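Asker: I have a structure I would like to understand better, so I am pasting it below and will then ask my questions one at a time.
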Amino acid sequence: MVKKMKKKVVVGMSGGVDSSVTAYLLKEQGYDVIGMTMKVFPGNYHDGSKEKIEDIMKSAKEVCDFLEIPFVEVDLIEEFNKKVATPFMQDYIEGRTPNPCVYCNKHIKFDAFLNKAIELGADYIATGHYANIIEKDGRTLIYRAEDENKDQTYMLYNLKQHQLKHILMPCGDYNKEQIREIAKKIGLKIHNKKDSEEICFIPDDDHGRYIRENCKKKIQEGNFVDEKGKVLGRHKGIINYTIGQRKGLGIALGKPAYVIDIIPEKNQVVLGEEEKIFNNILIAKDVNFIPFDELKEKIKLEAKIRYSAKGEIAEIEPLENNRVKVTFDKKQRAITKGQSVVFYIENLLLGGGIIESVESST
């Protein structure tokens, strides 16, 4: 009789509680588990990134040793720089506000990392994301996590069917407190470790500094202007501003002023009243759908314009070149180019795209 081989899974280890419990849960379920940590940025002492890398690697290896599973380190610095860090900087330079986690999930965690895992003979990769992956009617679908406060499906809309069939996310069945309780129960020292909230490759959370130090193009100061083009003052470079911003403008106009537009061609930041940042129509590009390959007709659904935003009712309409028009029932505050708009029907993640342009119906 031929003995059935265990399914092999490579878990992306960050040194945090979610990925650590993911590895534990899968080992308990009988998988052959390997812990793998990605090195995605070189690290500098002055901004804290070198210390962060060292902490991630040390913590991840300690957890793997504790769980008695192999630990592997993989260098993805070149891929990360090309697919995440460089586009991140370019977006800011061109007046957009990017979400690097979306780029990273698309190109690194669920592409380059998946390929490395397959090279190791893995059947699956697993991460500590809070989301539910379910097979249904011949498709692999993504549903919101049990813990709606930790749900991370917004970041996963770019995943393709060939990737999803190799991905496990066991944390989706639990809330955060349950995950911490499991970690504590099995004796993991990191059970109370604080969740990371900053951009992973910018530990000091100063994206302006990061771009100035790493971009080949010199960041120029420019003019704050009103809607008619009248100069109101000087700004410190468009990379430092985003739509809807009020604080940190460094300009006094005698009344509240908000960033209502950024014009990279003129190196201008347009200031205006708060009402000007409310719009209800956007065009999204690079759209991906998960339950089906292509949107063929208008559909009413729930749309989110940023990770922390509440979903709002909208209609989406297919356009040419993998784009959609999104029309919200109500005007939304600070729809921002470069961010993602993500679509749901109830708890099912339908897909999403990158916000390319914004307009208003009135």
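Quick reminder: no glycine exception, Cβ is built from N, Cα and C everywhere.
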Asker: Pick from GLY95, GLY121, GLY128: which one does Swiss-Prot list with GLY12, MET13, SER14, GLY15, GLY16, VAL17, ASP18, SER19, MET38 for the same ATP site?
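Answerer: As annotated by Swiss-Prot, GLY12, MET13, SER14, GLY15, GLY16, VAL17, ASP18, SER19, MET38 share the ATP site with GLY128, chosen from GLY95, GLY121, GLY128.
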Asker: State the Cα to Cα distance, in Å, between MET38 (ATP binding site) and CYS104 (active site, nucleophile), rounded to an integer.
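Answerer: Taking the Cα atoms only, MET38 (ATP binding site) lies 12 Å from CYS104 (active site, nucleophile).
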Asker: Can you figure out which of CYS104, HIS129, GLN339 (the recorded positions) comes closest in space to GLY16 (ATP binding site), comparing Cα atoms?
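Answerer: Considering only the listed recorded positions, the nearest one is HIS129.
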Asker: C-alpha of GLN339 (site 'Interaction with tRNA') to C-alpha of HIS129 (site 'Interaction with tRNA'): distance in Å?
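Answerer: Taking the Cα atoms only, GLN339 (site 'Interaction with tRNA') lies 20 Å from HIS129 (site 'Interaction with tRNA').
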